[in-house]
Each structure stands twice: as C-alpha cells, then as structure tokens.
Amino acid sequence: MPSAIRPATPTTGITKLTNCRLVRGDSLVNGDIWVSSRTGKIVQSQRAFYDELIVPDETIDLGGRIVSPGLIDCQLNGAFGFNFSTLLDDTTQYGKKVKEVNKLMVQTGVTSYLPTVTSQTSELYHAVLPYLGPSGQQRLSADGAEVLGAHVEGPFLSPTKNGIHKVDVLVEAHSFGDLEAMYGQENITPGSDKPMPIKMITAAPERGAMTSLIPEITRRGIIYSIGHSEATFEEASAAVSQGATMITHLFNAMRPLHHRNPGVFGVLGKAESHEQPYFGVISDGIHLHPTTVKIAWNAHPEGFILVTDAMHLVGLPDGAYQWRNGEDIDHIVKKGSVLLLEGSDKIAGSSITLIECVNNFLNWSGTSIPQALKAVTATPAAMLGIQDTKGTLEAGADADLVIFSEERTESGLKLVVDEVWKFGARVH
Amino acid sequence: MRLIIRDDSDAASAYVANYIVDRIKHFAPTPAHPFVLGLPTGSSPLGVYRKLVEKYKAGEVSFENVITFNMDEYIGIPRDHPESYHSFMWKNFFSHVNIHPRNVNILNGNAPNLEAECVEYEAKIKRVGGIDLFLAGIGEDGHIAFNEPGSSLASRTRVKTLAYDTILANSRFFGHDLEKVPKMALTVGVQTVLEAREVVVIILGARKALALQRCIEQGVNHMWTLSSLQLHPHPMIVCDEDATLELQVKTVKYFKSIEKVALAQGFEQILPSKIRTGPAPETVIQAPREVEEAQSPTIVAPQPTTSRLLKASTPAAEYPVRSVSPDADLVPDRMASRIPDPSLTQRLTPGPEQSGHRVGAVGA
Ligand SMILES: [Zn+2]
C-alpha cells in the first residue's frame, strides 16, 4: 500500500533541541540533543529513530546557544536564607526548607549539589544528615536541584586552620567508631533501602588517626577530601596514597606553598606513587587572587573544580546575620559579596553563585568556555564517580542541562543562564 | 540522457537539491500518495543532503510524506557503527528533517536471513508503488550502489562480496585496518535502480572523470554498471567541470547547448507530467492537473522509450509514460516535432487495470 505514515500522534516525552552548541569535552560542537522527560535521560537519538520509530514531540531551535550539562556545586553551605548547619526546633521543617532551596537553586543553573555542613556538634549532624541524603531517586523535574548527598566539612579539622569554624567543636578521630558516633552510624553506613546521606568528608589527615581511617571511608563510597589542615607535603601525600581524592578549597585554610615544603598543594605535582587529586577552588575574587586561581588551574587542569562555598546569605541585603557556629551564635557581616565573621577579618564563606565563579574564571584564565564549564560539570562528576550520569551530554546520562547565552561586558565574556532543564523537562 | 554540467561541486549539488525539492513539491505528496525517494551514501551526495536540510529548515520542503529507500548497507558491522550507512543517513540527513522513521527503509546488514531481507526489500519497494526518483552517486570504476564491475545489469537486491579495491578504499574509514573493513554488503541491483521512474546521478571531481566518460560516451557495459543508465527512459547526470575532464569537448558542448536551448525555451523539466505527479488514481488527480500543466510547460517529445532489453524483463512496462499531451501549444514546435514515435500513441502504463488496482490499494 503506497502510504506514508504521519508522524505519530501519541506523545513520546521527547524534546529535540536543535541548532545548539553542545559542550563536548573541550570543544563546542554544533548539533542537536534529544531529551526524554519520561526517563529523565539524554536520548540516543539514532537508536530511538531506527528502533523505536520515535519522533520528538517538540523541536526547539536554540539559535546557536550553548547547551551545557547542569552545574554541580560540591560545597554549598546554604542559600536563599537557609543554612544547612541549622538546628530547627521542629526538625520536620528542616526537610521542607531543603526542598525549598532545591527549587530555587535550580534557577541558578545548579542542577545537583552537595549541601555542606560545617563543624558542628554531634547533635546537629544526627538531626540534619537524614534530610541531606541523595534526593533524585524519584527523578522528578519539579523537585528542582538534586541533592547528591551531604558534604560534612568537619569537625575533624585542624584547630589552627579552622577558618571560621568554632575551635571548640573540633575533635580528633582515633577509630572509625568516632566518625560513626559523631555523624550517626546510619548516616555513614551504606544501607540497602535508603541511600547513605554522607557523600563527602573534609578532614585534616594529620589529626588523630585520620589518615589510617581513609580506606574505610572510601570503602563505604564516601569521598575523602583533605582540608582545614596543617598537613605537610609528606602527610598530604600519605593521605592521597590512602585514598584521598579531593582537596577542599585549595590554598584556603591550609599551609601556604613553601619552596622547601609545598604542603597540600604539593600533591598536585605529578608523582608516580599516586594519582593527582581533584581540588576545589573558590573564584569569587575574595578567597583567592586571580593569579592564584590560574596557577592552580595550570598545575592540574583535570582536577580543577570550581565551588562556591556559598553561605545562605546569597541574595540577601547587606547587614549582620545570625549564624549558628558550633554551640554559639555568631554574626556574619555581609557587605556586598564579602562575608566576614563579625569582629574579625576572617572570610566567612562566599555569597557568589556558581556561574559567577565560572565567569570570573573565564576572564581571569582566558580559557575556553567548554574548559571553564568542565570545572563545574564533568570534573566534579568524575570526582564524585558519577561521570556516566552527570556532567556530560552523552546519551544515557541524566538530562540535566543549562542553556547559556553569551554577553560581552566590560570585564569580558559572560555566560548568562537562559534556561535550565532537569530530568528532561524545562524548569526555568 | 540529460547531462547537467556546473562549474563546481557546490553548484552541482545545489542543482540536484533544487531539482529534488521541485520534484517533491510538484508531486504534492500526501499520506495516500507519497513520494518515494531512493537515496545513496558516500561523499558525492553529501552536498546534496546539506542543501536539502537547508531547504527543509528554510521551510521550502517537507519530507512528511516522503518514503525513502537506501541503496545499500554493510554486512557484519553494528547498525549504529559510525561507518554504517544507517549512521551516515542519520547524521547527514534524517536527523535534520521531518521524515518519519516508519517511512525510512535501509537494508538490514544484520538480518538473520540476508536473502529474505533482500527479497522483502524489493517487495517493499513494489508495495509502495515503486521509486519515483532514485538519487545515486558512482565509484571511480563507475559502479552504482555496490554493483561493482561485472555485476549483472539485470541484478536485483542481493548480498554482494565487495571488490578488493573497494575494501581498500573503505579502509580509510576503519582506521586503515583491512581486518575491520566489511567484506560484504547488501545492495539494490542495477535493475532495481533502473526500475525507478527517474534516476538522478551526481558525479563530482576529476577522479570520477573516466567513469563518467565510460558511462555516457561508450556503450552499455557491465564493467561500468552506471552505463546501464543509457537504457533508462529518464536519467539525468549532474556533474561538476572536473568530472568532465575525460569527455570529448563536443560531448560537453552538446549537452551544455541542450540545456541552454531548453532554458531559453522556458522549460527545464523534461519529465512527462505523469511521472512528475506520480501514478496516482486518475479520478482524483485529473481535474487539478490540467490547471497545473497549463502553468508549467512540459516537453512532449522526444518522448523517452525503453529499450527492448529492459522491456523483456518487465520493468519497462511499469513506466507510466503519458500518451497524449493535453497542452501541446505550450510546447515549442520544433522540439515537439522531432520524434514521431509510434509508441507514443500507445499508452504504456499504467494500464486501466493497474490504475484500478491502485485505487483499491490506496483505499485499503
Ligand atoms: Zn572551609
């Protein structure tokens, strides 16, 4: 029968984005990308066409704009007025607050992140960590940004590199039992029914028996990150060979690079004995000098991860804000994007968004757009061991996308978040 | 035979793309009356695909009611292998236009029963009413699809062992590793191509010059399978200047002058309107067609006739050649009076019973 078949009327949940510049590795490639809101994944279009005889429900012409994997922030202390290190009288409210943050967070282009809890008492960890476990099992676009698990920054830190963390709550661990007691056993033990809340631990390897505990931490699927540490180059190298794969905010809260002992920074140097670790860098223009950021990038571009270390004050007006720090209530003074601990000149985290970090880095380093975006997509995904599902536009990965337009400003090129897609549906 | 010569490959590709778009538009395909397009792979048609995509994106053409049949596919490499013809077509054409996957036909080189696959492919072509336009490229040895030198000119869709030269030429796509190059392919036959109501061949570059020369200046020969085109009633070759290097100057001049005269006379379209609008049910189409034809001059003669050779093996009987032109006065006299071919007074196809069958088929 000579009959052409009309495009199928039943919906497939598939959207084709055409006329895109796709971030693929270190280049921008002209092409199309198919995403499915049914599976929440990026579709292997050729296979869908020939095998399932599928045509997209909708084709959207992006007019040559950039399509990047959704951004991943590995260190976010809070946002939109909510601090993850908060003990609420009614703990059920905590989960609600996290959900609110997720919905707002996604609008900034961050589609997944690690909510970060600073050095606190055991009581707070026990109370909040159950609410900070991975949130993406349902694969619901409407949930907004996805929590990949908690980053506990402390309290096994060096009292002399505490930054703004309260020295009183900093402790040493001598056995894995100390970690279980601190965070709550169920929060640090992989279970069968629910994903384990903790995804990353920042700790000073030279404190207590920490270095010897690293293998057990990583065995449980948790990333061990060196940070807030007095570690010498030798101590840092030992931690890396025990399984440390990350460094928390490189240069900040650690010994400066010394020509006779390069300290933690030294492990970024190529060595046959161990893999070079990943490292977080805050490119807010306050924590680090632009040149320092460039040096870090040049030392090991494949390990370079941009993080915000942002506090919950992002987007709030200037002034002094209450902040629970350990057992005390302190105040953080916000002046523009600068956050200082009241009565000191200590930097109290940042109030920058991740895309602003990318834009700063783009202009300081003169690197290409895909390379800059890699520092908030493919590299953090690889660090977290989720490179097949996040931080990539390959078929089969989660369809978390950010669509950028470019703006020329006085300070140079700027990427602007136009659209955000989560699990195959547009959410912003 | 029409031979269209353009200055460069771009212009030649643009000509072919324009031609195909015009054919589809004039055909006015519908779900019940689809345009059936035969398609090649390889480097020659790349420019044509690019331009077809541009035209689709510019809204100049729709492939919604177009059915495609590809010429060939390798045996023994995964369908989604980057060098498979499925991948080629997806990457260069199908992914960019509004063709429906159900209307796309490509031989399955991984079919459990390859022979059955070939038989079914031919049957499928028949079921959709035959191919309206087969676009083709050629190899340096003048082969069309994988019908390499020595292939029977009466061949049909079948399994084919590739010539060593072809395997060698293909090795550049497989990391120069002969082990990885497929040694066999499924391909439509020469006869399958010739059965299309129209064949358009794009030939680009000096490397194809000898093949072009053999195929149009010499006789029909199975060593240059494209030469079989001489037996087809409506063939057209579009080439660039480089591809004409081996042709005699007078051949080039002759074909160029024909095109010039034709243009000056206000028509480019050599096809009988029956072929231009496809073998649709008479009753449906008759009324509007008169209007269309009054607007677009059609050449009455020389009316192509099919060779006896082809007639004997039936396909010729399937060419719908119009018996009488209803708009003779729009056609330049001198051209029309050239050939008083007796066959023109006979209606070749479709016979009344065939038309009837079609009407039934459409309704089914
Ligand atoms: Zn810190």
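Placement of Cβ uses the backbone N, Cα and C atoms for every residue, glycine included.
What TrEMBL records for the Zn(2+) site is A:Glu153, A:His249, and among A:His174, A:His228, A:His274 the residue it adds there is A:His228. From the candidate list A:His151, A:His287, A:His331, the residue TrEMBL records in the substrate site shared with A:Ile164, A:Asn252, A:Ala253, A:Arg260, A:Ile347, A:Ala348, A:Gly349 is A:His287.
Proximity note: of the listed binding-site residues (A:Asn252, A:Ala253, A:Ala348, A:Gly349), A:Asn252, A:Ala253 have a CA within 10 Å of the CA of A:His228 (Zn(2+) binding site), given in sequence order. Sitting within 8 Å of the Cβ centre of A:Glu153, A:His228, A:His249, and not among those site residues for Zn(2+), are the Cβ atoms of A:Gln75, A:Gly154, A:Leu157, A:Gly163, A:His165, A:Thr202, A:Ser225, A:Gly227, A:Thr248, A:Asn252, A:Ala253, A:Asp309. Between the binding-site residues A:Ile164, A:His249, A:Arg260, A:Ile347, A:Gly349, the minimum number of other C-beta atoms within 10 Å of a residue's C-beta occurs at A:Arg260. Counting only the Cα atoms, the space from A:Asp309 (active site, proton donor/acceptor) to A:Gly349 (substrate binding site) is about 6 angstrom. When secondary structure is read from DSSP and collapsed to three states, A:Ala348 (substrate binding site) falls in the strand class. Here the Cα atom of A:Ile347 (substrate binding site) is found 13 Å from that of A:His249 (Zn(2+) binding site). Taking Cβ-Cβ distances under 8 Å and a sequence separation of 6 or more, the neighbours of A:His287 (substrate binding site) in its chain are A:His249, A:Phe251, A:Asn252, A:Asp309, A:Ile347, A:Ser350.
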